[in-house]
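Here the structure is laid out as structure tokens; the discussion comes afterwards.
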């Protein structure tokens, strides 16, 4: 039979939406704002880096980053993120969510500034320094994934928990939008102050010396939102679920949440010890019991996030290449260096404004009505459809006058990524695992996603190269082309659709009902099913 819930947890589950909910969303969400800004702003400046540091005298086209350098600059932050997700996810369960929450933010602030201050006497030196700081920036960003998701899920009430976690993640959309907006502002100002001819008129003069400040400023601005929220993160109390169910301190949990909820909550140390000392709640991550109860769930969250990020990060990081291939952005040799930054930023900001940001907020408002399972299933299906809609008539989209249709379909793939698996893969792992393993399992799921992002960012770089040797970027080998790459990404989305069947629905249930922490053994496996009804009590 189900056990009676601890009063402090029942109070959280039944709490009305209050100011502290919005405070938690903003404090946790600003981390994701910074995460998105820092991870995606690099795609706005990579072409500029190529012009500044890899100019080739006499070349008919501007300098570009060599394949290995481009792959490192684009992908090294993801390697750091993957490591950070695993490390801080584990640490969040061992030491507590709050104790390590500030460390991730400090890393982001220091390394954002360090990225912009990358130094060196040679191009190789500057790129090596940039990659060093971006790895550790990614490490801090990685920690923010499991900690922010877990903290928000453990603070929220069960009725609107999905919307609150989604709102934290939705700040990612504003971060992407802010990255494009800052790039537009900086490039516009520098273009007005330091006018330059196009590359085909004056190859050397098209990249003014001051252009070196443009990419540095864009990268360093990412430190501001993280720095502004550090104090407030340190003021947040530890979550009651960690304090009670992991640290086993009923008095502290009741005291903290009495202040937060502004109600009197009685401590119940004996009940805490009864729940936490029960044999069925002491299994570890690498135990048969975990495999029996949650093995398929962890496999499902890992695979879905992995497949989603292959497609999602390929699209985000290489928008500029896709837009160039359909002639939406002018050819590089018809622009100067700063003008190219402006055109790329304008295109990516438009996509974020029309497709990316709305998708996140559709999820926020509908996830607790429709449910996680159906939103993820719909998202993967529609992404597959729109990817095929881009790929099958690809030659039609590349002819003059047809690029608007391509942009519309492309924006819809982002819309259904965010009103779909990009949001739900973040939300569900923070809900379906036991408190003492929640942060770790979220970190493992997120790390699987970043493995997909690494494949997407490195693989698409080579795969999207033209099959025609004459059209291949300098230093690259012929690839399968953008059209065939879109078919591959559509295949990833369809596999994600199928693997969603492994992921349970968690709508409308308390975290303890979902994970089985307040149930007997016989009920545990029934507490997380695909329907949204509560188990009997």
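Backbone N, Cα and C define each Cβ position, glycine as well.
Small disclaimer: the values here were computed from a predicted structure and weren't measured.
Here is what TrEMBL says about this protein:
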type: COMPBIAS; residues: 516-537; note: compositional bias 'Polar residues'
type: DOMAIN; residues: 24-508; note: domain 'Major facilitator superfamily (MFS) profile'
type: REGION; residues: 512-537; note: region 'Disordered'
type: TRANSMEM; residues: 20-49; note: transmembrane segment
type: TRANSMEM; residues: 69-88; note: transmembrane segment
type: TRANSMEM; residues: 100-119; note: transmembrane segment
type: TRANSMEM; residues: 125-143; note: transmembrane segment
type: TRANSMEM; residues: 164-193; note: transmembrane segment
type: TRANSMEM; residues: 213-232; note: transmembrane segment
type: TRANSMEM; residues: 298-318; note: transmembrane segment
type: TRANSMEM; residues: 349-367; note: transmembrane segment
type: TRANSMEM; residues: 374-397; note: transmembrane segment
type: TRANSMEM; residues: 403-420; note: transmembrane segment
type: TRANSMEM; residues: 441-464; note: transmembrane segment
type: TRANSMEM; residues: 484-503; note: transmembrane segment
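Of the two recorded stretches, the transmembrane segment (20-49) lies close to the transmembrane segment (125-143), with three or more CB pairs under 8 Å once pairs fewer than 6 apart in sequence are set aside. Nonlocal intrachain contacts for the transmembrane segment (403-420), taken as residues 6+ away from its ends with a CB within less than 8 angstroms of a stretch CB, comprise 170, 173, 308, 311-312, 315, 322, 326-328, 350-352, 354-360, 362-363, 366, 375-376, 378-380, 382-383, 386-387, 389-390, 397. Summarising model confidence by region, the domain 'Major facilitator superfamily (MFS) profile' (24-508) averages a pLDDT of 86. Proximity of distant same-chain residues to the transmembrane segment (164-193), defined by a Cβ-Cβ separation under 8 Å and at least 6 residues beyond the stretch ends, is recorded for 21, 24-25, 28-30, 32-38, 40-41, 44-45, 148-149, 152-153, 155-156, 210-211, 213-214, 217-218, 221-222, 316, 336, 338-339, 341-342, 344-346, 348-349, 352-353, 356-357, 359-361, 363-364, 367, 418, 423, 426-427, 430-431. Below 8 angstroms of C-beta separation, residues 162-163, 166-167, 169-170, 172-174, 176-177, 180-181, 183-184, 319, 375, 407, 410-420, 422-424, 427, 507 of the same chain, each at least six residues beyond the ends of the transmembrane segment (349-367), sit close to that stretch. Beyond its flanks by at least six residues, the transmembrane segment (213-232) meets 23, 26-27, 30-31, 33-34, 37-38, 41-42, 44-45, 48-49, 52, 102, 105-106, 108-110, 112-113, 115-118, 179, 182-183, 186-187, 190, 338, 341 of its own chain at Cβ-Cβ distances under 8 Å.
When the stretches 69-88, 298-318, 374-397 are ranked by Cβ pairs under 8 Å to the transmembrane segment (484-503), first place goes to 298-318.
By number of Cβ pairs under 8 Å, the transmembrane segment (441-464) is matched best by 298-318 from the list 69-88, 125-143, 298-318, 374-397.
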